[in-house]
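Enquirer: Pasting a structure here, questions to come.
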Amino acid sequence: MSQLTHINAAGEAHMVDVSAKAETVREARAEAFVTMRSETLAMIVDGKHHKGDVFATARIAGIQAAKRTWELIPLCHPLLLSKVEIQLQAEPEHNRVRIESLCRLTGKTGVEMEALTAASVAALTIYDMCKAVQKDMVIGPVRLLAKSGGKSGDFKVDAHD
């Protein structure tokens, strides 16, 4: 079984020293969902929200969140991200919005937390913008879809999950 990397021999939380690691291209993708009533989704898709373009605002929020993950999650390293991409797609057949984030860099540590934070904050932004018309929207699940680069190897969610 793998060991927790943020816990030292004394059982204390600490920031992992990555100074000896080689720089490699690292990438991670994550997804989040916001489920809502069909009327709320139609309002977003039709561009009829009085606050403006919900998808554009959520996209910017997700990008900003990825860039600031190190300020939000204790023990995360500040990273020089080379790419953050947020895709939002209405899924009317499920009354939800699917958010997928992609983060990439050339560096010494992975970008999984940045991808997860980006997708999560984009989802929270959709909730924030639409809560006046629907308070019982549901956020989730949020999950890592894939990661590549680094010594722990690649990871990809099973296509059937």
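Using N, Cα and C of the backbone, Cβ positions are placed for all residues, glycine too.
Marked as active site by Swiss-Prot on the basis of sequence analysis: D128. Taken from Swiss-Prot, the feature substrate binding site covers L75, C76, H77, M113, E114, and the record attributes it to sequence analysis.
Relative to the rest of the structure, where do these features sit?
Expert: Secondary structure from DSSP puts D128 (active site) in a helix.
Listed in sequence order, M15, V16, V18, W70, T109 are the same-chain residues at least 6 apart in sequence whose CB falls under 8 Å from the CB of H77 (substrate binding site). Secondary structure at H77 (substrate binding site), taken from DSSP and collapsed to helix, strand or coil, is coil.
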Enquirer: Of these binding-site residues, L75, M113, which scores lowest on Cβ atoms within 10 Å?
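Expert: Looking at the binding-site residues L75, M113, the Cβ with the fewest others within 10 Å is that of L75.
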Enquirer: Sorry to bug you, but what's the C-alpha spacing from D128 (active site) to M113 (substrate binding site), rounded to the closest Å?
Expert: 22
Enquirer: Within 10 angstroms of the C-beta of E114 (substrate binding site), what count of other C-beta atoms is obtained when all protein chains are considered?
Expert: 28
